[in-house]
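Feature annotations, courtesy of TrEMBL:
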- A:20-43: transmembrane segment (TRANSMEM)
- A:74-287: domain 'ABC transmembrane type-1' (DOMAIN)
- A:80-99: transmembrane segment (TRANSMEM)
- A:111-132: transmembrane segment (TRANSMEM)
- A:159-183: transmembrane segment (TRANSMEM)
- A:268-295: transmembrane segment (TRANSMEM)
Amino acid sequence: MKTAHRSAMWRRSGTAYLFLLPWLIGFFGLTLGPMLGSLYLSLTKYDLLNAPRWLGLNNYRHIFTADEYFYKSLTVTFKYVLFSVPLKMAFALLVAIVLNKGIRALGIYRTVYYIPSLLGGSVAIAIVWRQIFDGEGLINHFLAWFGIEGPSWIAHPSYILSTIVTLSVWQFGSAMVIFLAGIKQIPADLYEAAQVDGAGKLRQFGRITLPMLSPVIFFNLVMGIINSFQVFTPGYVIGDGRGGPVNSTLFYTLYLYLKGFSFFDMGYAAALAWIMLIIIGLFTSIVFVTSKFWVFYGDGKDGR
Amino acid sequence: MKKSLGLTLSVLLLAATTACSGGNNGKPAAAGNSGGAGAADQVELRIMWWGDQKRADKTNEALRAFESKHPNIKVVGEFAPNSGYFDKLNTQLASGTAPDVFFLGGNVTDYAAKSVLLDLQPYVGQELDLTDMDQTMVEYGTLGGKLVHISAGANARGMVLNTELFKKAGMEVPADGWSWEDYARISKEISDKLGKGYYGTYNFTVEGMDIYMKQRGKQVYDMEKDALGFGQQDAEEWFNYWYGITKNGGMVTPSLQVSNPPGDTSKSLVVTGKVAMSLIPSNQFAAHQNLTQDKLTMIQVPRGPKGTGVVFESSQGLSGYAKTKHPKEVAELMNFWINDPDAAQILGSDRGVPVTSKMRDLLMKEATPLEQTVYDFTSRVSEATKKEPFAVSYNPPNFTEFTKLAETAVQEIGFEQKDVKQGVEDFYTGATQLFGAK
């Protein structure tokens, strides 16, 4: 009895592990070693060219007590996450709902809107973005028709971050596809029942769509937070690659990269990386902990 | 976005370099065997430089010429644009896969201090002939008692002027011997006369800082004391000077300076005829002039109390990797670079005027009018330094970080986030800490 139960368990989790195998091999074979290596480096002074020198926690102490750029880069990154994640998700949800209204050739739209997600992280798109938002770029030509003289969006510290947020919102595709799949899962009879009871569209959205979608929202939120914290390419390409103008594109990862590869301080950069890991972990766990209050699983796991 | 550009690049590079070394057995060439064709062991060298496609084409042509004269050596070239070059090099040095030969600029001190450069002294007089090379250049490449750097060209910094804008403004083109007061006044006058969208000058607070300090008997980096060679007060005067030009309207807006940086020739507003004056190294003059119909010219930088502060100095040069398996071939390649007439003719003065007198004479004989402008300028600088000599200076250690601090201060002042006093104070404190920390 007991053994039969165990073997059934094993069969089930064994299948799961089998599917996880590629990731596990990658993690233990490739990722784990460098991670531990960077943990060691974070406790040393390592200038890339000479052997690391043991420092203990000095790198961490310096980061928290004496590094102005650390706090600046955190501020820039937080601002970015705060704006880009909700905007991108709202936009993705909106488009998903529109596409769900039974448009013809849905497949084509889905593909077209998904493409930016594939391209968005690339250097080429960042360069295109630079051209569009340049002082004499497309956007300003457009504004000029209405007699508005637009600033140089990519060269002014007050505007450049919003340019980069726009770029990230434009990559709403992958979140949208997941939302779309989620919406299609919602049983139509719920809406029919609501309609019979006289609930309006808005009420249906608030009481049916959102709760039924909450697991998908949860997933997109977690992925969005993790990805946004690691933003690098747009800061490197659209900005001047050194965090300028006036540190307005000094994303955390860019600062880390500069410290490690340009300023010859890989130990310090490794310490920064570990702090980033902890920050991302913290935010993800906050979302996980709060999820039981707002994520609704239709399979009745939560007793409803 | 998921993977950072730099990391991806370095992984690709690693893949590429391991692929390269796989083809080469890493056997050192047998000495004295190079004459016998086919019998000689094949040696493969890697070389890396920064710059644009045009420079890459010329450099590759020169490398092919080298190969045809040294059939046993194959040279593989790599290049990167200015901005990413040193990050790429650092990554390769860290992983022990750096090229056998690579180019360095004023930051050669940083690399010499980290002992990653090949000592070329054992090859001098054998593979590497320095008899015809300017003595100052040999000294420049000798750091910590070792010869680690062979200059590939000399240049002098000066002002590039777009004469078309002066003509449009109905003003006379300035000449050597002007002062900083003249410079500020002329900048403003051009901006005023040409109106909206035209400016007198770029902001080169950072690029010109060492010149200004030298004109006052100071220096940015005091190598002997390993400390800053100027005071906060000096920096404040210099930043204030530029703030004055910003205020009177003679300077490009800070936004334009960011979107069209003067260092990027293809975007430079001097080339596009929007800015009248900027500071450039003389070897960049041709690159500027080739992109515009407007006639450009070069004159010396405005004078300070002790003169112009500009000397004829190495613009960049070749260093060998300390861990190279083929030091002898590295020396041969460098020798070819500075002494071979074919090399001189192919490479021209793209990296600066040749550092050996024979090659210099050779190029001057066949100079185009454009090159003639540069030679005229550099010879005027040479003449001036005979009367008012200045020491050649090196960049301070951690120069990238130093520059970042200075540029941030300039931008903070430009975008009016800090006043000059505060901006300079933060820059100076940061720069001082660079010396303490390392």
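Every residue gets a Cβ built from N, Cα and C, even glycine.
Remember, predicted model here, so these are calculated numbers, not experimental data.
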Tertiary contacts of the transmembrane segment (A:159-183), defined by C-beta under 8 angstroms and 6+ residue spacing from its ends, are 76, 79-80, 83-84, 87-89, 91-93, 95-97, 99-100, 110, 113-118, 120-121, 125-126, 129, 133, 151-153, 209, 212-213, 215-216, 219-220, 223-224, 228, 231, 234-235, 238-239, 245, 248-249
Per the Cβ under 8 Å criterion, with at least 6 residues separating them from its ends, the transmembrane segment (A:20-43) contacts 52, 54-57, 59-60, 266-267, 270-271, 273-274
Long-range CB partners for the transmembrane segment (A:268-295) (under 8 A, at least six residues beyond its ends), listed in sequence order, are 38-39, 41-43, 46, 59-60, 62-63, 70, 214-215, 217-218, 221-222, 225-226, 229-230, 252-253, 255-257, 259-261, 302
